[in-house]
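What follows is a set of notes on a single structure, which appears directly below.
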Amino acid sequence: MGKIIGIDLGTTNSCVAIMDGTTPRVLENAEGDRTTPSIIAYTQDGETLVGQPAKRQAVTNPQNTLFAIKRLIGRRFQDEEVQRDVSIMPFKIIAADNGDAWVEVKGQKMAPPQISAEVLKKMKKTAEDYLGEPVTEAVITVPAYFNDAQRQATKDAGRIAGLEVKRIINEPTAAALAYGLDKGTGNRTIAVYDLGGGTFDISIIEIDEVDGEKTFEVLATNGDTHLGGEDFDSRLINYLVEEFKKDQGIDLRNDPLAMQRLKEAAEKAKIELSSAQQTDVNLPYITADATGPKHMNIKVTRAKLESLVEDLVNRSIEPLKVALQDAGLSVSDIDDVILVGGQTRMPMVQKKVAEFFGKEPRKDVNPDEAVAIGAAVQGGVLTGDVKDVLLLDVTPLSLGIETMGGVMTTLIAKNTTIPTKHSQVFSTAEDNQSAVTIHVLQGERKRAADNKSLGQFNLDGINPAPRGMPQIEVTFDIDADGILHVSAKDKNSGKEQKITIKASSGLNEDEIQKMVRDAEANAEADRKFEELVQTRNQGDHLLHSTRKQVEEAGDKLPADDKTAIESALTALETALKGEDKAAIEAKMQELAQVSQKLMEIAQQQHAQQQTAGADASANNAKDDDVVDAEFEEVKDKK
């Protein structure tokens with residue numbers, strides 16, 4: 001069995017890890033970094049860039065550089081959170097035919113799973129380069145508070161990237177695995193506070209150890225899937241835009257290039273203010289008007305940043321209270337607090353969390369790498385490489401169906417340990433009703449319309465009977481990935497209908513297959529591009545070395561040969577500017593054929609040089625003998 005890699009598919013950065021024996025190892029990407037920016041760019045010449053190369057060119061290509069795509073995955077275009085992003089993102093977010101939030105790049109409509117798959121492909125390639133073998137299986141992490149549609153969309157992204165997703169696990173749970181694996185024995189209850197680039201989670205986890213086996217049991221989880229570092233950046237960007245407008249009378253929001261530069265500067269300033277008390281946002285030539293170029297130079301203090309984001313930090317505290325309440329615990333029951341996600345490096349976040357729990361968070365867990373390490377550990381558990389570890393996760397939101405009067409009737413309550421299965425018997429609302437519609441919902445509100453609709457299906461063929469007589473058994477079955485399977489059965493006729501809940505929109509099988517094929521075609525195109533570059537390099541080398549040999553041959557090369565070679569060199573030079581590998585190879589072949597006389601001359605010159613060199617060495621050796629004899633050491637007799 002091959003390795004199952006662990007991938008933290010983050011909003012801002014992603015990370016990949018593997019199990020090296022019984023030790024998890026975070027892998028460095030081709031650029032030598034342990035984390036990869038979750039940024040994808042589509043260049044003018046049709047190339048797809050992922051990670052640092054995409055980030056570097058963002059300033060000059062803002063409309064075609066996609067970031068924070070995880071905030072759109074599994075979401076509807078009309079969602080309030082998506083509408084907030086539509087107004088601030090430099091790229092175009094559109095409504096797909098099925099109502100999902102998609103992105104349009106260079107006239108092409110793309111689904112978020114398709115874009116996230118590019119990041120997963122980079123993670124896959126990083127692992128393959130390290131292991132020296134193909135990788136086909138992965139454990140991918142998601143925010144604990146992701147709903148069913150978002151989990152499905154993440155699995156779809158894995159498939160499009162050519163990965164079989166063996167398990168979807170929650171990010172805080174993965175961080176707890178990374179933390180608990182190498183800590184000493186004994187039972188403890190931990191709180192994992194995970195504030196990443198785009199999402200926030202809190203999980204209360206109990207680690208029990210019995211006879212050397214560790215059980216990680218999630219007691220409760222809560223969060224906000226649209227709260228993270230990107231929101232902190234936005235607050236600072238808005239402040240800088242307003243200050244510049246006051247000072248210069250120009251609104252930078254109308255200038256995508258300026259906004260992209262500002263985004264990078266704001267992110268950098270935010271990071272600097274975690275260790276410094278103040279910083280300068282200095283952007284020369286940020287824009288221009290009729291009077292000439294304009295420069296931005298604004299001082300930002302840590303106190304100013306904190307005042308801008310205080311409500312965001314406070315927003316993360318409410319879920320902590322709910323999670324503790326759901327777990328039936330008080331603050332004093334928590335033994336350790338673990339911070340995960342880059343945004344937790346902000347001193348204000350650390351201070352608020354410490355105040356809430358009454359203890360300092362642990363500093364020995366790497367907030368950027370813990371989640372990927374935990375995913376790799378879970379991969380090791382699935383392959384059998386990691387023993388004595390049992391993971392008991394929960395479903396983050398209640399699941400149920402719509403019943404008479406537009407009420408949601410819960411079948412599986414939030415924070416139920418998964419996998420789990422629950423059945424309940426319902427009946428008809430009308431006399432002689434021959435079909436029922438099962439409308440599946442996820443959420444905590446009593447009114448069905450206020451919850452997330454996961455889909456619906458019909459159960460037909462119910463025998464005519466007075467209302468309330470037929471017995472319809474509805475079964476909810478949640479698998480270990482937290483994905484829901486629903487069945488409805490008429491106990492009288494034995495008729496049954498089953499579905500795996502796909503997002504009421506989501507990608508259908510044909511769309512996923514097409515995206516998988518496109519990804520494979522891209523891989524083929526990438527391979528051909530690599531071969532073309534290698535051939536070009538060989539052609540360049542041949543061009544350079546032939547010109548040098550023509551120069552060295554001088555008058556020894558007959559004029560006819562020289563003319564033929566010059567003509568072949570020009571033809572090769574032209575071919576090298578094109579995109580046709582076969583044409584370059586053909587011109588290299590032609591050059592080699594007309595250069596035979598040149599090769600002979602070069603070989604003769606080389607042989608003469610070697611002979612001359614050998615003669616010179618022999619003469620030197622004779623001279624050396626004379627010198628040595630002259631300076632022969634004579635020891636005095638004592």
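In case you wondered, yes, glycine gets a Cβ from its N, Cα and C as well.
Note that the structure is predicted; figures quoted are calculated from it, not measured.
The compositional bias 'Low complexity' annotation in Swiss-Prot covers 602-620. Residues or ranges marked as N6-succinyllysine in Swiss-Prot: Lys70, Lys245, Lys246, Lys304, Lys359, Lys502, Lys528, Lys587. For Lys109, Lys245, Lys421, Lys556 (among others), the entry in Swiss-Prot reads N6-acetyllysine, with the evidence type experimental evidence. For 602-638, the entry in Swiss-Prot reads region 'Disordered'.
Taking the Cβ of Lys359 (N6-succinyllysine) as centre and 10 Å as the limit, one finds 16 other Cβ atoms among all the protein chains shown. If you measure from the Cα atom of Lys70 (N6-succinyllysine) to that of Lys528 (N6-succinyllysine), you get 30 Å. Closest to Lys304 (N6-succinyllysine) in space, going by CA atoms and restricting to the modified residues Lys359, Lys528, Lys556, Lys587, is Lys359.
Taking CA atoms as the reference points, Lys109 (N6-acetyllysine) and Lys528 (N6-succinyllysine) are 25 Å apart. For the modified residues listed here (Lys70, Lys246, Lys528, Lys556, Lys587), the lowest count of other CB atoms within 10 A around the CB belongs to Lys246. A distance of 43 Å separates the Cα atom of Lys245 (N6-succinyllysine) from that of Lys359 (N6-succinyllysine). Long-range C-beta contacts of Lys421 (N6-acetyllysine), restricted to its own chain and to partners at least six residues apart, with a cutoff below 8 Å, comprise Thr475, Phe476, Asp477, Ile478. In the three-state DSSP reading, Lys70 (N6-succinyllysine) counts as helix. Just so you know, the Cβ of Lys245 (N6-succinyllysine) picks up 13 other Cβ atoms within 10 Å once every protein chain is counted.
Calculated from their C-alpha atoms, the gap between Lys587 (N6-succinyllysine) and Lys246 (N6-succinyllysine) amounts to 62 Å. Looking at Lys528 (N6-succinyllysine) and Lys246 (N6-succinyllysine), their Cα atoms lie 53 Å from each other. On a Cα basis, Lys556 (N6-acetyllysine) lies 86 Å away from Lys359 (N6-succinyllysine).
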